[in-house]
Every structure is written in structure tokens, then in C-alpha cells.
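Engineer: Dumping the structure here so I can ask a few things about it.
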Amino acid sequence: MAAMLLGLLLFAIQSPPIPSRPMADQGPPSPPTSTPADNGTAGHPNGTSQQLPQIIIIGVRKGGTRALIEMLSLHSAVAAAQNEVHFFDWESHFQKGLPWYLSQMPYAFPEQLTVEKTPAYFTSSVVPERIHQMNPDIKLLLILRDPTERVLSDYTQVFYNRLQKHKRYQPIESVLVKDGEINLGYKALNRSLYYVHMQNWLQYFPLESIHVVDGDELIRDPFPEMKKVERFLKLEPQINASNFYFNKTKGFYCLRDHGRERCLHDSKGRAHPHVTPVILQKLYQFFHEPNKKFFELVGRTFNWK
């Protein structure tokens, strides 16, 4: 009898635990947590993998980067990171190395291209060299708007953020103008000096690697701009005019993908604060020469005031 009890006890210890429900009901396997492979990918059992981006939307802030990545995601050959990664411009992230950066990428099939967007990259002095060290052949997308409109959008975003947090804010006139002249200490103005930042990028990448998207045209009529993006990325033509429809309530274009409609967040398309014509004219004059220098750098002009 004692021998039988001892045998039963040993059987219980050696047998694997019985799952509380069938394995098939436990859902898809979790993404791997191991260190990425040396080839810049981290695999997944369903045939997808995380891969370093072949495309980066480098900016500019308030230029339309969210709209651009959402529209680019309409293409089946593109896998887009959902969040701004800030790998190359935030030291705390950059020090974690490429394995961490790779872990922030979406899972993509082998035939797909991975894209991430971080608008602050364009105006950072250290980012171009860092991206070049990762991949000198990467494709870069830069979306720009009229620099004056971009400044006003920049202020509007900060204004609403402070309003929601019940913090004090400065009237727009007080940040734009100081002692009767344009306030050169206002950071938003520096972000709109496109030629200054473009010079830095062109030290590391040829102009052929950077496609400039007209953010104002993307707002007015997104389809032609997205066809240019497809050609630059050498993607099979797939995005169609039927993918866009104008939402009269929001006042901008929304997306239609396989019968499913979606619009950008309500924080997009906010009305700018009223600015007196005198101050607007000062802004237009301030950006006139910088805009000309930018046009010369990229070999094309934009319909900016």
C-alpha cells in the first residue's frame, strides 16, 4: 500500500500542470522580449518582425506629420509606428541603443516598409548624423507649411495645452513681438527658419533622399501630394482619391479605408488666435529672406506669403 502511495506522489510531481482552458483559446503569442537579432529585426511567430525603419518622417512640428503618417498608412506596404519615438533627439532614449529603438517599431511583414515620425528631429542639430550612422540610405519625409502659419499653429497648441492644465499663458502678441520688433527669442520662430535646419541635413544626406511634402497642399487636396510620396518611396500605386473625403463639420479631409472612415483628433485643425494685420505683416517680412534661401536649397518654391 505504501509503495502504491509513493508511486502516485511521484507521478503527480513529474506530470505537467493541466491548463485551465485549451491552449487554442489563449490568444496569439506575445511579442518576443529577447534581444533583437544582429540584422536589425526581432521576429514573431506569425511571420512578422520588428525592423528598423526604412522611412522616417523628420518633421516639422505643426507641419502635418500626423496627417501624413495616417495617410501613408493607407498603403498596404507600409507599417507605421503609432507614437513619436524621440529616439535620436532625446538623450535618455538614445542611450538605450538600437535594440530599444527597434522594440518601439510595429510588427511588419517582410514585404512591408516601416515608418516612424518624430517632428522634433528636423530642428535638432544632432539628429541628422545619428540617423546617417544608422542607415545612410534611409528615405526621409519632411512636411512643411507656410512658416507664418506654422508659428501660429505652434502657439495655438501651447495655448490649448496650458488652458487645459489651468496654467497661465501669454497673449500671442507678447510672444511674437518685443520692443516693437519680432521676438527672436521665441522658439517657434526658430522652428520656421527652414533653411537653417535643412543645411544641417544636407551635410549628411543628398537632396534625393529627402522628399519635401507641401503641408498646405496636403490640407487643401491630399491626393496629389500622396501620389508624390508614393513615387518617392517607389511604392506600387495604391492610394486613391476615394480614400479621402471632406468633413464639413471638422473643416478638413478625413480618411476612408476599406469602408472604414476615420478622422484626425479634434486637437487638429483648431482655429488660430486673431493676430493684428500689423504683426502678421512683420512676420511675413521676417520670413521673406529665409524662405528664399530655403527655396534655393531645395530647388523648388512654395506658395508662402
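Numbering starts at 1 and runs along the chain as displayed.
Glycine is treated like the rest: Cβ placed from N, Cα and C.
Automated prediction, rather than curation, is the source of TrEMBL annotations.
Copying in the features that TrEMBL gives for the protein in this structure:
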type: SIGNAL; residues: 1-20; note: signal peptide
type: REGION; residues: 19-49; note: region 'Disordered'
type: DOMAIN; residues: 53-291; note: domain 'Sulfotransferase'
type: BINDING; residues: K62, G63, G64, T65, R66, R145, S153, Y253, K268, G269, R270, A271, H272; note: 3'-phosphoadenylyl sulfate binding site
type: DISULFID; residues: C254-C263; note: disulfide bond
Engineer: Taking every residue in the domain 'Sulfotransferase' (53-291), what is their average pLDDT?
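Structural biologist: Averaging the confidence scores along the domain 'Sulfotransferase' (53-291) gives 93.
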Engineer: Rank the binding-site residues K62, R66, H272 by how many other Cβ atoms lie within 10 Å of each Cβ and give me the one with the fewest.
Structural biologist: H272
Engineer: Determine the Cβ neighbour count for G64 (3'-phosphoadenylyl sulfate binding site): the number of other Cβ atoms within 10 Å of its Cβ.
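Structural biologist: Looking across every protein chain shown, the total is 27.
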Engineer: S153 (3'-phosphoadenylyl sulfate binding site) to C263 (disulfide bond): how many Å between their Cα atoms?
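Structural biologist: So the Cα of C263 (disulfide bond) lies 19 Å away from that of S153 (3'-phosphoadenylyl sulfate binding site).
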Engineer: So for S153 (3'-phosphoadenylyl sulfate binding site), how many other CB atoms are inside 10 Å of its CB?
Structural biologist: 22
